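Record features (TrEMBL):
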ACT_SITE  CYS391  active site, nucleophile
ACT_SITE  HIS517  active site
ACT_SITE  GLU519  active site
BINDING   SER26, ASP159, ILE160, GLU161, LYS198, THR199, LYS200, PRO201, THR202, GLN203, LYS234  CTP binding site
BINDING   SER26, LYS198, THR199, LYS200, PRO201, THR202, GLN203, LYS234  UTP binding site
BINDING   GLY27, LEU28, GLY29, LYS30, GLY31, ILE32, ASP84, VAL252  ATP binding site
BINDING   ASP84, GLU152  Mg(2+) binding site
BINDING   GLY364, LEU392, GLY393, PHE394, GLN395, GLU415, ARG472  L-glutamine binding site
DOMAIN    16-277  domain 'CTP synthase N-terminal'
DOMAIN    314-535  domain 'Glutamine amidotransferase'
REGION    1-277  region 'Amidoligase domain'
Amino acid sequence: MPTEPETDYDPELGRKFIFVTGGVMSGLGKGITAASTGRLLKNAGFDVTAVKIDPYLNVDAGTMNPFQHGEVYVLKDGGEVDLDLGNYERFLDIDMTFDHNVTTGKTYQHVIEKERAGDYLGRTVQIIPHITDDIKRRIREAAEGNDVCIIEVGGTVGDIEGMPYLEALRQFAHEEDEDDILFTHVTLVPYSKNGEQKTKPTQHSVKELRSIGLQPDILVGRCSDKLDIDTKEKIALFCDVPTEAVFSNPDVDDIYHVPLMVEEEGLDEYVMERLDIADEALPEAERENRWRDLVTQQTEGEVDVALVGKYDLEDAYMSVHEALKHAGLEKNVDVNVQWVNSEKMSDHHADRMREADAVVVPGGFGARGTEGKIEAIRYARENDVPFLGLCLGFQMAVVEYARNVLDLAGAHSAELDADTPHPVIDILPEQYEIEDMGGTMRLGAHETDIDAGTLAAALYGGESCTERHRHRYEVNPEYIDDLEDAGMVFSGRAGNRMEILELAPDDHPYFIGTQFHPEFRSRPTRASPPFVGLLEAVIGEDAHAATTEEVSH
Ligand code: GLN
């Protein structure tokens with residue numbers, strides 16, 4: 001787990017803070033609305049960052065089950081965080097750090113450690129002011145060096161866990177100048193049976209917020225459609241905001257269109273006015289419009305990609321989905337992801353895989369569904385189907401090769417079969433002694449050296465890449481020579497650690513696996529090379545000869 005910095009912040013720096021809370025129910029996509037607003041501010045020339053507050057007691061998201069919470073997102077400093085941070089990184093095209101995710105576990109742990117160290121000697125340590133002070137410190141430190149910081153409070157107003165945070169925000173508002181702070185509240189506007197947009201849930205939620213001492217400046221209504229003017233007026237009247245401070249957030253097919261929607265309603269302009277930064281914004285004609293061009297371009301063709309995993313939940317593989325989408329934006333094709341349940345390879349899931357143009361086996365933990373993944377890899381290898389294996393997918397590609405090409409019966413990863421006669425994937429030596437599960441894997445950005453003349457070199461356009469990791473196991477050095485003699489090429493290494501595997505062009509059109517997770521660095525405006533290569537292989541471009549425009553990877 002990354003260590004926490006404790007720097008002195010200067011409250012006079014004049015940064016702007018946009019707080020985003022949610023009402024009525026969770027899952028309204030307030031993060032996407034916030035990130036979209038941030039994107040527009042960035043297009044207008046401002047440096048924007050974000051903080052995600054997760055009011056749970058876990059110190060970080062690393063120990064959480066993807067089925068309940070969606071994927072664990074990994075930052076470059078190795079922070080294991082909520083997937084919302086991935087959205088902020090993608091929308092704002094920034095690299096965040098572990099301290100941009102504030103959790104109750106982290107805050108309490110820090111305050112209690114300070115108490116044990118004697119830092120509060122003589123005093124009673126309390127939620128107010130010690131926890132609330134620590135929350136405010138974290139927000140200010142994370143905002144450092146930026147013009148605008150968006151702070152999203154997870155959960156909904158009224159949750160017991162969220163109370164200390166809302167209290168901290170209330171204090172925060174008193175400590176900063178009025179035009180440096182903006183409160184945005186996102187709520188649900190449902191339809192009644194007779195087709196009327198209902199504002200009562202919004203009214204109640206704002207009432208709750210006000211009882212804690214917070215008055216929203218902006219209200220965003222999540223609704224299947226845009227809010228009618230009557231609805232906006234009613235919300236404005238009951239919630240004590242001007243009508244022009246009420247915005248819609250209607251359903252859209254593609255989350256990358258939300259910034260366009262936000263812009264259409266003028267939320268970004270309103271935010272700039274209220275924060276008194278409109279004069280510093282770039283004139284409309286000079287604003288960055290690459291995002292708009294990319295997400296509105298006319299695509300030519302479709303690619304079906306089979307994603308072979310154990311969770312029937314898009315959020316569990318969110319960054320992989322997004323990375324495929326980004327590659328599609330770069331290659332101008334629509335990517336349809338077909339979920340293939342690796343536990344059901346004997347039924348229609350296998351048919352679905354066979355109908356797809358490419359196969360991706362993503363990361364994972366635990367034995368469930370791994371035989372199906374191995375089967376999928378074999379199918380892709382033997383049938384020249386473009387294949388990308390990520391982390392566990394990379395490891396299973398080694399297992400498959402060992403079993404079916406090297407004839408090592410029962411070869412496996414020591415993680416998944418402790419008694420395997422051939423542990424071709426084994427625990428990292430530095431992990432032997434580690435017993436704690438939280439924050440102890442090989443995490444975050446590490447550099448990989450790439451061999452010249454390989455597929456990996458063509459994809460990354462250079463001799464190295466720096467990608468993010470999250471693993472405890474690796475290729476067992478004892479099997480490397482045998483695997484290479486049998487045709488597997490380890491084209492990327494970090495010391496004697498195998499990072500990238502591939503098959504030679506004579507053996508396969510596109511077969512690549514990475515011990516790292518390239519999906520975490522993929523952005524709509526900067527697609528990840530292994531994903532781009534996968535699509536190129538499908539649409540008939542020679543991925544082995546490809547060079548990406550971006551050599552910065
Ligand atoms: N379970 C494997 C390991 O720990 C792979 C991890 C992953 O896919 N993120 O090495």
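A Cβ is built for glycine as well, from the same backbone N, Cα and C atoms used for every other residue.
Just so you know, TrEMBL annotations never went through curation; they're auto-generated.
Overlay of TrEMBL annotations on the structure.
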| residue | record | DSSP class |
| --- | --- | --- |
| LEU28 | ATP binding site | coil |
| ASP84 | ATP binding site | helix |
| ILE160 | CTP binding site | helix |
| LYS200 | CTP binding site | helix |
| GLY364 | L-glutamine binding site | coil |
| CYS391 | active site, nucleophile | coil |
| GLU519 | active site | helix |
Average model confidence [pLDDT] within the domain 'Glutamine amidotransferase' (314-535): 94
Spatial separation of LYS198 (CTP binding site) from ILE32 (ATP binding site) - C-alpha basis, Å: 23
Cβ neighbour count (within 10 Å, all chains shown) around PHE394 (L-glutamine binding site): 27
Annotated recorded positions SER26, GLY364, CYS391, LEU392, ARG472, filtered by Cβ under 6 Å to ligand 1: GLY364, CYS391, LEU392, ARG472
CYS391 (active site, nucleophile) and ASP84 (ATP binding site), Cα-Cα, nearest whole angstrom: 21
C-beta crowding around LYS30 (ATP binding site), within 10 angstroms: 25
For the recorded positions ASP84, GLU152, GLU415, GLU519, the one whose C-beta sees the most other C-beta atoms within 10 angstroms: GLU519
Recorded positions (VAL252, CYS391), the one with most neighbouring Cβ atoms at 10 Å: CYS391
